[in-house]
Each structure stands twice: as structure tokens, then as C-alpha cells.
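Below you'll find the structure, written out as C-alpha cells, and then a few comments.
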Amino acid sequence: MESLSFVPGPQGPQGPGHLQGRIQRPIHRPHWPSSATPQRQPLTALTALPLIGAALVGRARHGRRSISRGLRRGRRVAVHRAAQDWTRRDQLLDIEKEMQTLWEEEKAYEMDAPEDAPEKYFVTFPFPYMNGKLHLGHAFSITKAEFAARFARLNGKRVLFPFGFHCTGMPIAAAALKLKECIAKRGDATEAEAEATEVEADQADQAAEAAEAAPGVFKGKKSKSVAKTGGLDQYDIMLALGIPEEEIPKFTDPTYWLEYFPPLAIQDMKRFGTAVDWRRTFITTDLNPYFDSFVQWHFQKLKAKYLANGKRQTIFSMTTQQPCADHDRAEGEGVNPQEYTLIKLRVKEIPAEWKEQLGDGEVYLVAATLRPETMYGQTNCFVLPEGEYGFFRTKKGEIFVCSQRSALNMYYQDLMEGDEKNGPSGPNGPTSLMSKTGQDLVGLPLDAPLCQYETIHVLPMFTISMSKGTGVVTSVPAEAPDDYVCLRDWKTRSNWREQYKVKEEWCAPDVVDILTFEDDNEDAGSSDSASAPAICEQMKIGSHREKDKLAAAKKDVYQKGFYSGIMNVGPYKGEKVADVKTKIRDELIEKGEAVAYFEPESKVVARSGDECVVALCEQWYLKYSDEAWTKRVREHVESDFEMFSDASKNALAHAVGWLGDWACSRTFGLGTKLPWDEQWLIESLSDSTIYMAYYTIAHLVESLKAEDLTEEVFDYVFCISETLPKSPGVPKDLLVKMRKEFEYWYPVDLRCSGKDLIQNHLTMSLFNHAAVWEDSKLWPRAFYCNGHVMVNSEKMSKSKGNFLTLEEAISTYSADATRIACADSGDGLQDANFSTESCGKTILRLTTLQAWAEDAKARLPTMRTGDYTFLDEIFNNEINICLENAHTAYRKMLFTDALRCVWYDLENLRSQYSILTNGDVHAEVVERLLESQTITLSPIAPHFCENLWRNVLKKDTLVVKQRWPESKEIDAFLARQYALIQGSLRSFRLQLEKFKSPKKKSKEVPPKPTHAIIFVAKNYKPWQMEVLKVLQGIELNEDNEPMEKNFMGQLREAESIKAFPKQTMKQAMPFASFVMSKEVKARGAEALELELPFDEAAMLRDLSDVIKSQLGVQELQIVSSTEEVGFDLQRDAATPAKPQIVFMAKEMESADT
């Protein structure tokens, strides 16, 4: 390995390829587009990605050369497909490049602690792992922090959004090791392979060119998914990541990953337009000695009270030979060890032909159970007939019969004899003396502990899983529905017994009732009827193959047994199961009749590719089970801690109580060594819980030597000690400055994350803050968690062809179109959907808005000025409503709603304003609308809005430094009038369509209407008013729905309603139902008012020219519904705020307009 040295970066602005704490080595510039020269590939170029997958899969047959040729040909096809007009997208990319340059020149996002103390806002995001490029999943989650940061700036806060890169852990080291082994195994392709590859590649070219795809349509073949299942080796995976072949051998050095990927991530983040202070960026691991010192200080603080050392059962990777924490897992995050009791069923008679292979020692079939207290009810033992069972010698000289998988877990728990557990390549595991199928075991006589029968026998069961437990199931039919139904099957099905060579006497034992229940009744069973038989008969379960029914029965029986079961046999008869369960288990173990056994709760796969086991490991662990520590964290969460949704807060509260002791050390990978025990590395989640504090000083420490960052220095800087340290290497003024930075920025105001980190990282962050800082005022104030992102309603993956790196998304759609699509994808814990079709439409909408803004700005001097008209007042008020709704949505981090307000709603207002005024708009209203939209859309589309602000509106400031637009108090009357206008026009247009449609059974086209009459009602009819009075007393929920579902019943029972004549009652009920389901749902309680607070007829008369223009009629009359002018049906239907219209195609002598 070439020698490495750590070189602190210079102070001041840093280039896109520079990282504080970066490795100094000969420069290897990544072959990737720089932020200064963004690569512009059309959407159709993405269809070349499946060709990469095809080339990689083909490598298994034709060697490495086929892959590189496939990649080159894929790019050639992409170029062929690139002949499309992406002028609008390129226009946005040009704008983005210009604005990024402007922000960098203006140092727009560099934030230091000020001399005064304006309100601050400190936002962070869990730093991404640097084993590849950032992808759309990262981008989606990052936008939550990004939008919140920019919104806080608009509210006058001083905002810090730093960003670092995570390199700690085993994935990089494991991948480098795999790559090294892969390269060692590879040889140059033979000429025959090369020729075969040429033919296949040419055929692939022809097929690809014949399969042209429309923009946005992904056609995927296996690539990443194949890699996960072993179809690709590490070399192929590197190619799939876009690494040039000549660079790939360098990645056998784990530290090269740290040099290669972080600069690319910075590049992509800058192109994405993030408001990050890049002076504060850093990488983790001991290759950054500054951060390394910080982590060591952190763990010295933890060691004082919350760290312990000892042997513990831990999820373990056999490949890396170390504990596998959540971030080291490809599958099974959050899975913990599950403890079972291993019941030893002694084989009473061993077949003679087996004895020679087995030698001395008692032989036991071992069954894993979660209910040791039920062993009094054993009647037999089950095995899977076709299952493979090994005979393994334990360290006590006994022989256990079980599955290979469970034996492997026992071996790592020091129960089994076997080969030594050496090296990262893994062990051979426990030694099997011999193996037999389950059918070979059928009929063996067994001696079972606590069993009421002297001898029980082995029977077949067809539903046993060899991937759970030991493959051996001890049968307790009284309390296990599966056992009861299976035993019943063997008792009653003679054909089965004959086929599987089962003797009838082996099935003879009767069910042993072992429990009674506190809530004995017909449903729960009684002391005379065991729980499992009762529920199986009740659910009519006919066979033990009915898995779904049995699963439901099992859940019910197990819960009832634990919570309300009372022992009916044995020395603990009369005592509750919950009280004696552990006692019975401990006694079985003490007598040597059982063993404690652990395995993962569900499947766990390490990033190194192996399925994990549970191992008994000596290690350092964090005592998150400490009750006092947990209590402090729980109180913080239950206080005013913000999670933005009940579901998120409930999940966090559960994790605080659930999080147990956490293994925090390992021996393989990259990271920081425990300062007092350097054989151990600190695992990747444990070193990443309070690094937000390090951000506050990251831009200042690089002028120091890492060894000067002593415990006393950190204690002072981070406000744990008031004593100014006497450190000759750290100037006093710098110490004071660093402390000032921490005091100003801390605590973290918002941390955004994917929902999967609630159960570990986010919860651990609260615990570790509580461990380091006694004062909860320095603990994080808010977490926001989002779901995963899908692309076009499918999970993002290369196998589906819809996997997008951040660079690809920006180059294909532009940064702002991608950001808008992320905002439009959804909020909260539900998985979001990123739509590529929406991206394409957004490009068009953005450039159309740009063109309108340029035109509007040019025409402002010619627009109307002076006093506002009624419509000007209405639309100014609607702008106020949009601004208030948008502010609320941003504040609540409902970014889809915020986007709707500042993007769709304001655009709709602009359009309606022009329509209703026939283009005679007021200059001030138009300018206010344009400036308001530019500012309020800027958190989501900053480049585009900055360009509007600077180059269209000709402002000499930055839009990213503006304040949220001022708005006056909302005028509710104007808002109701606008809603009435819009609702009336929609209703009128529907009636117009009906008028223009041919009558039934007639092909004659009706004449175009020339006249119209609008009937306006000032008051409701007396019976309608009585109905509304009753409905006013019904309480509504926040969705404007009746709190009382039977409100119609209440209405019928009202005295005033019961007095209605029969005919009126027939009208009243449908009227009430319509008002509540339609009017109240849409407008709220105001829909129940008896009179409008304004003159509806006068308002419509003022707008008569607009209405005539909208409806295309020559004459318009607005008439009171009380006037006798005919059209009785329409007159009668008019109610306040619900005018009715009649169209005519004839000349009228007069028109009241």
C-alpha cells in the first residue's frame, strides 16, 4: 500500500474537489462531469442504462472485455438517441450554472456566528455513506432539510446547513477486499472469448437500436439486483458505478474510496443548488485526525457512565468476523437477537448402524421454543421429512440433532465443537458427525423433560421451516394450534401413516391440558378444554397445511397463554404463566435439560454478502438499557420535541424504550480506534450521533494540529467546562471563537432523515447528547422523517431500469425540475413517488413562467395604475391567502402543499386575474404577484427564482437573502366573494354545455345562446331556514364533516322539523343531506348562514361584462328569484350563494344589466 499522509486543507473557500481532512496522494481526477461543465444527456439516454446491465450479465459468459465493449456501445447508442430538442432543459442548466457561480462569489451560504445574536436555525442531514455516488433517494431526503433551511432564511433567521461524508464501517473495506480477491482471480480473456463477445456485442447493438424508447420510459435488465444475488462480482459492480476500468484497481485500497467519491458528492450537491456551507465539510475515520480526535473525546465521555465490556449475544458477520450493526447490513436493519430455550429431547434408542459414526455421548434432538413453561404438555416431536439434519458434537460431549443453520448459530455461541473461527474469509463451522433426513428420524423414541409421558416419538410435519429455529419442533397440542392439528391429522389419516411409515401407537398420546385462564368462557376455552383444540375447532381448521388460519390461531393462543394463563400442572400449579415462565426456563437449564440459544429475529444479510448469525462476542457496548438514561431521553421526547407527525413521534418514543444495549466496537473496517483499547474500532452508527457539534468548529480546527485537540480543549469549546485550557498549540482567541460558534449554533434545530433511522441513529443521537450534555437545552429540538422514494410508482432499482443518480437526474431534467418533482412527490412517512413525466412537464412550466415574467416586466409601464377596482382588491386578497397557506405549509414541512400554493395556486391566480379583467390588469398587483412567487418558490427552485430576481426583475440583491413577502390581514368577505364568483362561473359553464348539447334522440345541433338570465336569491325559503338552523347546532370536525354520524336522525327529531308537512319533509331531507355533504364540506360552517354578508346580485351586476364574455352571450339579465318572469324551476332552485342561470337563443326587447 502506498504511504498516506493527512494534510489539513487551507482556510477560505474550497474548490469542488477539496475536502477538509482529505487524503494527500498523487491526484487522480475522477472521470465525471464537473460542476462547471454539466453533462447534458437527454432523457432517452437513460435507456442506455439497461445495456450496461446486459453487458455486465454477459460478462459471466464472455469475460471482462465484453463488459467494457458493452459499456462503450451503450454510450454510442445513447448518443444516437440524443438527437432530440432539449433546448428548454439546456436553458435551465445554463441558468443554474450562472446562479451557482453567483452564490459562490457572494459566499451566500457561508455562515459564521455573528457579534450580535439574530435568531439562528441549524439544520443537518445524516451524512451519506461514500461507497458510491449520491442517488435520487439521497436527493429526495436532502430536499427536506434544504427546503426547511431556505424557508428559515426567508423568515429572517441566520441559517447554517453543513454537510459531511460518512466513511466509517465495514462496507468500503469489505468491497475493497472483494475487489482485490476478484482481480486476483481474473485473467485476460482468451481470443475465443473476445471473438464471441464481438458477435454478441454487435447483436446487442442491433437490438438496442431497434428498440428505441420514448423519453421517460425505462427498460431495465438486471444489474444491481444481479449484483446483490451474486450475478456480478465486485469488478462488475465498479463498472456499473461508472468507474473507468483503469481506475478500478486503485479501489482495492479502502482509502482510495474516500478520495474518489466525496469530491463527486460535493460536485453533485453544488449542482443540485444546496444552501450548504462547504467550509465545514469533512470525512470520518481516523484518516481525518481532527474528527478522529473528536470521536475519541466523545467516547471518553461515554466511558465514564455508559460504556461496558463483556460477552454478549450479537448479530454477527461470519465473513468479516465481527458484529454486524444496522449500517453494516444489506438486509435486516433493526433486527435483534431472539432468545429461545433449546429443549433437549434425549434419543432413548440409537439405531445400531449409527453408533459407529456417532461414538460416545448422549444424542438429543433439540427443539427451540419461546414457551418453556408448556413443556408439561409434550406428546411427541416433529421434523420435516425432507429436511437435512446434522448430528453435531457439543463442547460438553453431547450430540445435538438439528439443522445446519442452527448449528452454525450454536457454534458461534460457543456451544458446538468445530474448526477455529479465523480470519475475514470465515470459518468452516461446526463439524457434523453425520447427517440424516427428517424421514430417517421418524419413530425415534424420546425422553422429553417435564413431559407427562415416559416416551414420546418423532413424527413428520410438512410445514416446518428449516430457516427458523432448529428444524425440530416439540409438540404441545394443548397450547400450539399447529401441533394440535398435525397430531390430529396423524391420528385420523391412516393413508398418511402408511406412506410415511408412522405407527399408530406413536400418535396415541392424548392432549395434556396444562393451563387454565383467568377469563374462562366459551370462546377462550375452559379448564376442561385446552386452548389450541378449542380455537382450532372454532375456526374449523381442517389440516395443518392451512397456514394462514393457523397463524391467526397461534397469535391468539400465545397472547392469551402469556397474559391470562394459569399453570394447571407441575409445582407451579395455580400461578400465572407470566410469573413463572422464567423460573421454569432457568430450572430446565440448571438441570441440563435445556440450553439458552439465540438466532436473529429474522434474516440479516451483511453488506459483505453473508447471512448473519448470532454470536457470543466479547465487545464494548453502550448501555442504552440504563433506566435513568432512558428516562431523561423519554422526558425530552415527550416534552415540546417536534417530529411533525404523530406517527413519527410514536415511532421515536417506542424506539427510546425498545433500544437495548448496543455493540459499539468491531475489529474490521474503517473508523476511529477506541482510545483506551486500540484493538477495537468504533462502529459506524456509534461514531455518528453528536457530530453535529463538530460542524460548528470544523472550519476552524484545520489551522491546528490534531494532537492539540485535547479533552480539555473540547470540554471548553463544547461548554462542558468553563476553564480556559492552557494549550500552547491552540491560541486563546481561537478557543474563544470556537466556543462562540458552538454557543451560537447549538442545539440542532432540525435534523432530517429517512424513516429507517428512527430506530437507531436518531434515537442514539438523543441518548448520546444526553450522555455528553446534562442540559437538555443542548439536545436536538426537532427531527423530520420521510419515507422512501419510488420512481414512476415502482421501487427504484437498476433491475427495473429506473435507478437515477443525482448527477443523472440533474443532467437529464435540470436541478430545479428535479427539486420540484421531489417536492411534489409527497411528505411524511409514506413512500413518495418521483414522476419523470412530471419532470418533463416542469421544464416546460418553468420556461413558460420565465417567458411570461419577462413579458410582464416589459409591459409593467403600460399597465393600469391608480385606484384598485373590486377585482384588484379580490386578487390582492387571494395573494394574501396563498402566502399565508404557503407559509403554514412550509412551517409544517408539508412541502407538497407548499408547492401547490406557490406554484399551482399562484399561477392559477395569475391566469384568473387576466381572464376576469379581460387583460386590464393593475401593474402593482401583477408586480406583487410576480415578486411574491419568485420569493416563495425560491426554497424549492432557487436557481430559477434567483435568475428571475436578478435578470428579469433587475434586483441588485440575492433572492436567497430576501424576507418572506409582506401580506395584509385576509379579508374573509372578499375571499367569499371570489369563491362565489368562481363557483358560479363553473356552474354557469356546466349549464352552457348542457344547453349546447343535442337533446336525447335528436341529432339537431341547438342554436348558440345569445341571452341569459341569472336568478339570485337573497333569502332561503322558510323551511330551508329551519333546516339550516338545526344544522348550525351540529359540531363539525377539522374536515368539515359532522362529528355525529347520525346527524340526519337528530334533524328528524327536531321539533321544528317534525312540524313540517309531509311534502315539505320530502324536500327537507335531501336538502339537508346535500348541504352537509357538498356545501359544508367545501365551504365550512359559512355554508349554513341564513344570509350572505354582501349583496350577491350587485356583485354579479358589477361583473356582468366579464360573465357575458366568459359565456359568449350578448345580453345578460340578473333577476331576483322572487320576480315572476317565468322559468319557475330555475327560480325555485336559486339559494343564497347558489345563483341559477337560464340560456336562450332569441332576441330580447330589453335586458337588465
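Along the chain as shown, the residues are counted starting at 1.
Every residue, even glycine, has its Cβ placed from backbone N, Cα and C.
According to TrEMBL, the features are:
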- 1-38: region 'Disordered' (REGION)
- 99-175: domain 'Aminoacyl-tRNA synthetase class Ia' (DOMAIN)
- 267-834: domain 'Aminoacyl-tRNA synthetase class Ia' (DOMAIN)
- 418-437: region 'Disordered' (REGION)
- 428-437: compositional bias 'Polar residues' (COMPBIAS)
- 873-994: domain 'Methionyl/Valyl/Leucyl/Isoleucyl-tRNA synthetase anticodon-binding' (DOMAIN)
- 1016-1092: domain 'Leucine--tRNA ligase RagD-binding' (DOMAIN)
Subject >> Which of 99-175, 873-994, 1016-1092 contacts the domain 'Aminoacyl-tRNA synthetase class Ia' (267-834) most, counting Cβ pairs under 8 Å >> reply: 99-175
Subject >> Secondary structure composition of the domain 'Leucine--tRNA ligase RagD-binding' (1016-1092) [DSSP: H/G/I, E/B, coil] >> reply: 48 helix, 3 strand, 26 coil
Original post:
Averaged over the whole of the domain 'Aminoacyl-tRNA synthetase class Ia' (267-834), what is the pLDDT?
Top reply: 91
Subject >> Per-state residue totals over the compositional bias 'Polar residues' (428-437) - DSSP helix, strand, coil >> reply: 0 helix, 7 strand, 3 coil
Original post:
What does DSSP give as the helix, strand and coil breakdown of the domain 'Aminoacyl-tRNA synthetase class Ia' (99-175)?
Top reply: 32 helix, 13 strand, 32 coil
